[in-house]
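Annotated features, as they stand in TrEMBL:
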type	residues	note
DOMAIN	449-584	domain 'GGDEF'
TRANSMEM	173-192	transmembrane segment
TRANSMEM	199-219	transmembrane segment
TRANSMEM	264-285	transmembrane segment
TRANSMEM	291-313	transmembrane segment
TRANSMEM	320-342	transmembrane segment
TRANSMEM	348-368	transmembrane segment
Amino acid sequence: MASAPPALRLDAGDNSFQLSPGLRYWHDQHANASPEQAFSQAQTDVFAPLPGGNPAFGFQTGAYWFYLPIENMQRDEPRWLLVQEYALSDHLDLYLRYPDGHVEHQQGGDHVPFYNRFVRFRHPNFRIDLPAGTRVELLLRVQSESSMQVPLVLFTPQAFAELMRDTQFANGLYYGIVLALLCYNLVLWLMLRDSSYFWYLLHTLAFGLVLFTLNGYGFEYLWPTSAWLADAAVPISICLALMGMQMFSRSFLDLQARWPAGNIACLVMVGVFGAMGVASIWLPYSTATPIVSRAVLLGIAWIITASVVMLLRGYKPARLFLLAWSMFLIGTTAFTLLAFAILPQSFWTQYGVQIGSALELLLLSLALGHRYAGLRNANIRLVQDANERLERGLIDRTRELRTTLAQLGEANVKLQEFSRRDPLTGAYNRRHFHEALTKALDTSGNKHKSQALLLLDIDHFKRINDQYGHLVGDDCLKSISRSINEIAQTLNGLAARYGGEEFVLLLPGTDARMALQTAETVRLRIQQTIIHSHGHVIQLSASIGVHTIGVQQDILPDEAIRLADEALYRAKHDGRNCVRHSISVA
Ligand SMILES: Nc1nc2c(ncn2[C@@H]2O[C@H](COP(=O)(O)OP(=O)(O)OP(=O)(O)O)[C@@H](O)[C@H]2O)c(=O)[nH]1
């Protein structure tokens with residue numbers, strides 16, 4: 001049995017008091033003690049000072065009792081506000097015992113509807129009347145499935161109003177950042193349709209919900225009368241955020257293409273977190289939340305591992321990504337260690353998640369932009385390369401096409417030439433000669449020139465064939481063709497093979513006398529040419545019919561040929577190997 005613990009004196013000058021330093025606590029394992037029992041135990045050593053002055057005990061069963069006598073020395077401040085600066089405690093029972101022995105009882109926590117709170121504020125709070133100079137005993141019973149954290153602060157109404165203004169501003173700033181990032185990235189996602197942005201949105205939205213819940217805003221604004229959601233929203237939203245962040249990392253780091261094993265690990269985690277989220281609907285809060293809280297560390301550790309692996313593999317966007325998650329890891333680790341009572345309560349531990357996550361969300365948004373810029377630049381390079389390749393290909397194809405067209409043109413010229421030539425002798429054929437003759441007889445072009453037509457037939461050629469064979473006959477035809485062609489060329493004329501053993505010559509600017517002379521020259525040349533073929537020595541003769549077309553004379557090609565043929569017929573008839581002129585001399 002020890003003496004009663006000293007009272008906390010609310011001396012003039014201070015308008016807020018942390019209760020932790022003087023607070024004594026007792027862990028009522030079976031949660032079955034009555035307030036009377038607790039009041040009497042509080043006078044004994046059963047109630048102990050907070051370990052290290054820290055009001056955080058981690059996840060616990062049973063009930064916790066906290067005791068502190070208070071003596072208000074401020075005459076003008078008889079009314080105070082007690083605030084439990086942790087939003088998730090389930091049941092809070094406050095007992096105030098006054099010197100006259102009467103006990104006042106108030107209830108709070110998120111298992112009591114939000115509207116019962118004295119001040120409409122995210123943290124449970126109680127109005128306390130502390131008459132000046134009076135010792136009032138404060139006894140608080142806390143029972144909760146969430147982490148046992150009891151940071152109690154006593155405020156004058158004015159001090160609370162000022163604090164509220166500051167914290168509301170800070171939280172407004174935080175949710176403002178989250179909301180701005182959400183809207184900004186939503187617009188980017190709608191425009192770019194890059195799945196990374198979608199998963200970033202999901203992660204940010206779910207994560208915002210986690211903090212909204214943890215800070216007590218969920219209970220204040222979203223489910224003020226639902227004790228179940230006040231508990232279940234924490235693990236469910238954490239699981240959603242975990243799934244979102246795994247999917248985001250998977251997409252951002254391009255694991256599917258760059259690290260298939262890591263991709264599978266990510267998907268497995270998403271499945272596990274999903275299953276945990278579904279299980280949280282039925283599992284008690286005290287079971288689900290510690291598991292899910294540990295999963296947060298696991299999830300982040302995995303993302304950091306994946307980022308490091310991708311960085312080592314030379315994937316540059318992983319740098320900013322790694323930095324972003326490191327911020328979040330530090331903040332979340334601080335907060336989680338606070339929940340497990342390993343770290344003491346401070347601004348940095350209590351707001352670790354907010355600070356870390358705000359930095360993380362900002363950096364991730366930056367990283368997304370950075371990655372998008374990288375992808376866009378890579379795309380531009382690809383398009384440029386493709387264009388250059390296309391251009392080069394086009395130039396090559398055009399060059400090939402030009403070459404082919406030129407070759408085709410040449411082939412066409414050759415083909416046209418072939419179509420004008422006799423294949424055996426190489427001389428022009430009858431078709432070409434006819435065209436040339438038609439052109440030559442067109443009076444519009446040749447009005448002041450006479451022209452001569454020589455039609456030549458080899459004498460008794462059948463005998464050559466019969467006697468020596470066709471091959472020898474062919475050689476004879478070639479030889480005669482050559483001779484006629486040579487003469488035609490010297491006279492600027494045109495020679496052609498007209499039929500089997502018939503040849504024809506068109507001599508421009510030639511009158512009858514000159515034509516007969518030339519015909520005689522041709523005849524003699526043939527007669528004098530000795531042909532050697534297949535061991536045979538052959539000498540031939542030819543008969544020639546001549547027709548001369550006078551200046552300004554209109555005559556059709558067939559008619560001119562007919563007249564030359566008549567003359568030839570006469571040459572044959574006159575004994576062959578001679579020249580005859582047509583009867584109609586121009
Ligand atoms: N080797 C060869 N013979 C040809 C060719 N074209 C026509 N002949 C021959 O030329 C001969 C022409 O004979 P014919 O029309 O009877 O006249 P010919 O024997 O020359 O007697 P004449 O004209 O009356 O002096 C035929 O035997 C044809 O087979 C050819 O390309 N090569």
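In case you wondered, yes, glycine gets a Cβ from its N, Cα and C as well.
When pLDDT is averaged over the domain 'GGDEF' (449-584), the result is 94. Here the transmembrane segment (348-368) has Cβ contacts under 8 Å with residues 85, 170-171, 174, 177-178, 181, 184-185, 188, 196-197, 200, 204, 207, 211, 214, 248, 252, 317, 320-321, 323-325, 327-335, 337-338 of the same chain, all six or more residues outside its ends. Contact between the transmembrane segment (291-313) and the transmembrane segment (199-219) is not supported: fewer than 3 Cβ pairs lie under 8 Å, counting only residues 6 or more apart in sequence. Using a Cβ-Cβ cut-off under 8 Å and counting only residues 6 or more beyond its ends in the same chain, the transmembrane segment (199-219) has close neighbours at 87-88, 110, 114, 122-123, 171, 174-175, 178-179, 181-182, 185-186, 189, 229-230, 233-234, 237-238, 240-241, 243-245, 247-248, 250-252, 353-354, 357, 361, 364-365, 368. Counting same-chain residues at least six beyond the ends of the transmembrane segment (173-192), those with a Cβ under 8 angstroms from any Cβ of the stretch are 198, 200-201, 204-205, 207-208, 211-212, 354, 358, 361-362, 365, 368, 372. DSSP states for the domain 'GGDEF' (449-584), grouped as helix (H, G, I), strand (E, B) and coil, give 63 helix, 38 strand, 35 coil.
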